[in-house]
Amino acid sequence: MNTTNKQLTEELNNTESNNDHNDFAENNIINLKQLKRKLPEELQVQAEELKIENISSLLKQELVFAILKKSVEQGGLIVGEGVLEVLPDGFGFLRSPEVNYLAGPDDIYISPSQIRRFGLRTGDTVEGQIRAPKAGERYFALLKVNRVNFEDPAKAYHRVHFDNLTPLYPDEKLGLELENNSKDSKDFSTRVIELVAPMGKGQRALIVAPPRTGKTVLLQNIAHAITTNNPEVFLIVLLIDERPEEVTDMQRSVRGEVVSSTFDEPASRHVQLAEMVIEKAKRLVEHKKDVVILVDAITRLARAYNTVVPSSGKVLTGGVDANALQRPKRFFGAARNIENGGSLTIIGTALIETGSRMDEVIFEEFKGTGNSEIVLDRKIADKRIYPAIDITRSGTRKEDLLVDKIILNKMWVLRRIIDPMGSSEAIEFLLKKLENTKTNCAFFEMMKSPERPRNGL
C-alpha cells in the first residue's frame, strides 16, 4: 500500500510540473466539455474557421472530433472531462453526459495502468489533459488526471466502497417549498408535497401516476425546487423510453444534468444509460456528496430489463420474466442516506392504469420498496385540478425524523380534517387555503391549536 501511495504522489507531482510546460495562450486551451455543449451551428462556424472540409456531412460527435484534431495540429491544448466506463478488457473510455453517455469518436481512452494507479471504477467523473490520437490510434487519450469526482485524485484511492457504507433513514429534509406569488395552482405542487409527503436526503420515493395526470410537470417542479433550495445537491434527471419533445422540454426547464434514451432506441440502450447514471451517483456518494436522481419512469426501465435479461424459463403474469426485476430493484434500492455523510435520493414515477398487465405487475413489485409515496389521481386530473395528488393515500415513512414536532402535529391535524372529504374535495380545499399564503409556515400560522382539530382552519 505504501508503494502504491508513493507512486500516486509521484504521479500527482508529475501532473503539476507538466502543467507548466507548453505555456499556451488562454485561447489555445480547448475545454472539451464546453465544446460539446455548443449547438451544431456554432460547431460548424468554428469548423469553417479551422478550414475543416465536408462539414455538412458530419454528425455532431464527428464534428467535435475533427475540431479537436485540427486544433491540436495548430498547437492547442485540450482539457477533457467525462464519466468513466471500464470495459471487460481492463481499459476504459470517458463518456459524455451531453450525448447521453453514447459511445462516439470523441470519447477519451484511459489505459488500464491509469485505472489501477488512481483506483478508478465505472461511474467516476474524471477530468484531465488529453492528447490527440497517434498514428494507428482512433481515440483521444488521457495524458494527465487532474481531478476525480471534482476532487483531488488522491482522495479516490481512500474512499469506502458504496456497498460497504451504512444506510440510515433520511434525517435531513430536502427543501422543496417555493414561495408563491401567483395564483396558478401548478405553483403549489411542491408545497403540497411538503405538507403530505416531505422528502429527505436519501429518500426512495415513488410517484404513482396514471396516464395524463401531470407527472412530467410535477417532476419539473420538483427539479426546480431542488436546484433552488438545495444548491449543494447534484441533480440528475433520467428519462427512459421518453418522447423526444419531452426530453427537449426537460433540458430547457431544468438546471441540472438531463440524460435520456428515447422510445425509438433499443432496450439495451435504456439499460446501459441507467447503469451509467446509477454508477456515477454511487461514486459521488462515496465522496460524501448528496445526489438526487429523478427517474421517468421506473416502469419503463423495468420493461427494458425484462427485454434484455436472459430467459429463465419462468414467466410471471403479464409476461414478466422471474429474474427481470432484480436489476431495476437494485437500481431503485441504491437510494439511501449514508452514515457519516453523503446520500442518494431517487424519485421515480411508476405507471398504473395503462391497460397493460405487465405495468400492474411491475408496480406491485415496487410498491413496498420505497419509503415515500406520492399518488396521483386520474379523477382529479380530469377536473383539471393540478397537482392531482391524492392526499390521503400519499405519505412518507418516518416523517418525524424530517419535520419539527410542532409542524408534524399540525400536519396530522390537517390530515384529520380532510380525511372525511373525497380526494378531489381534499386537494381543492388545500389549494384554496394555500392560495392565501406565500409559505407553508404562514399557512400553519392560520391553523389553530391541535386541541380543536375539527375547527383547525
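Using N, Cα and C of the backbone, Cβ positions are placed for all residues, glycine too.
These figures come from a predicted structure and were not determined experimentally.
According to Swiss-Prot, the feature ATP binding site maps to G200, K201, G202, Q203, R204, A205, R212, T213, G214, K215, T216, V217, R243.
Residues annotated as domain 'Rho RNA-BD' in Swiss-Prot, with sequence analysis given as evidence: 77-152.
As annotated by Swiss-Prot, region 'Disordered' applies to 1-23.
Helix, strand and coil residue tallies for the domain 'Rho RNA-BD' (77-152), in that order: 9 helix, 34 strand, 33 coil [DSSP]. Of the listed binding-site residues, namely G200, G202, R243, the sparsest Cβ surroundings within 10 Å are found at R243. Ranking the binding-site residues R204, R212 by how many other Cβ atoms lie within 10 angstroms of each Cβ puts R212 at the bottom. Residues G200, K201, G202, Q203, R204, A205, R212, T213, G214, K215, T216, V217, R243, recorded as contacting ATP, have a largest CA-CA distance of 30 Å. Mean pLDDT for the domain 'Rho RNA-BD' (77-152) in this predicted model: 90.
Under the DSSP three-state reduction, G214 (ATP binding site) is assigned to coil, being neither helix nor strand.
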